[in-house]
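Novice: Okay, these came from Swiss-Prot:
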DOMAIN    12-59  domain 'F-box'
REPEAT    134-155  repeat 'LRR 1'
REPEAT    160-181  repeat 'LRR 2'
REPEAT    186-207  repeat 'LRR 3'
REPEAT    212-233  repeat 'LRR 4'
REPEAT    238-259  repeat 'LRR 5'
Amino acid sequence: MDAETECCKCHLLDLPWEDVLVTHIFCYLPLRQLVRLQRVSKQFYALIQVYLANCRTFDLTQIGPSLPKEAFCNILRDNKVLQNLSVQNCSDWVTDTELLPVIGQNQHLLRVDMRGCDRLTRHSLVAVSLSCTHLQYLGLAHCEWVDSLSIRSLADHCGGLRSIDLTACRQLKDEAICYLSKKCLKMRSLSVAVNANITDVSVEEVAKNCRELEQLDLTGCLRVRNDSIRTVAEYCPKLQSLKVNHCHNVTESSLDPLRKRNVEIDVEPPLQRALVLLQDVVGFAPFINLQI
């Protein structure tokens, strides 16, 4: 009986690698655990390399910020089928040297997140533009190296872009945003927050060209006024969210029509703000010295 049981034993590595382990098992395990599994044996190392070569998503938030650049390059060395790439957690060390080879051999990327990667240059963005023509989402928040020329390249080659985060990309001016909106007509989500260069000119152009727009973030765009918000209300019937906090020239007269359409706005109506202030004053009332 023991001999028969021994013959019937099936070890993990005996299962078909690509058809079973890679496709139906490893896809449910965190990347951190899979990387650790490589250390068990040479066979496990080879197996995990097969998995990594067929991985559709690479997100470093699953591993942590401590991944060395050598490990990053090794993990993605053989992968040519990535669809989602996030290097946000590599911001301390990732440069064009590490990223360009990955971009160059993965032409099916749909989502790329480079937020906060301040050691990259425009060469990485141009590479994304030229290689990833089916790109739908791009995160570039706090990448101050993003300039007008690289955005033009993106607009020319990635017309199907649905969402882009340009928060604090302070080199960009109205001209670049206008050009982007004319080329990427399917845009549904756009952030140009924390950029004092943005004015009504580009906001109105976005509204008129991107009729499918659902989310617009103008936080801290100090030169944006009521006129462009009215244009957004007129041309963007699918708008769901508008952020205008710290836009001091945007008032309730332009926001009220959007509120009536149940658009989520991050600024409270004047009455609500007054009630909050009143509650604060009442809260301090016991401490007020009435003899003053």
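Placement of Cβ uses the backbone N, Cα and C atoms for every residue, glycine included.
Could you place the listed features in the three-dimensional structure?
Specialist: Per-class residue totals from DSSP over the repeat 'LRR 1' (134-155), listed helix then strand then coil: 8 helix, 3 strand, 11 coil.
Beyond the ends of the repeat 'LRR 2' (160-181), by six or more residues, the same chain brings 115, 134-148, 151-152, 154, 187-199, 201-202, 205-206, 208-210, 215, 217, 219 to within a C-beta distance below 8 angstroms of the stretch.
Summarising model confidence by region, the repeat 'LRR 3' (186-207) averages a pLDDT of 98.
When Cβ-Cβ distances below 8 Å are used as the criterion, the repeat 'LRR 4' (212-233) is approached by residues 163, 167, 185-200, 203-204, 206, 239-251, 253-255, 257-258, 261, 266 of the same chain, each at least six residues removed from its ends.
For the repeat 'LRR 5' (238-259), residue counts in helix, strand and coil come to 8 helix, 3 strand, 11 coil, using DSSP.
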Novice: In the same chain, who gets a Cβ under 8 Å from the repeat 'LRR 5' (238-259) while lying at least 6 residues past its ends?
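Specialist: Those are 188, 193, 211-227, 229-230, 232, 265-267, 269-270, in sequence order.
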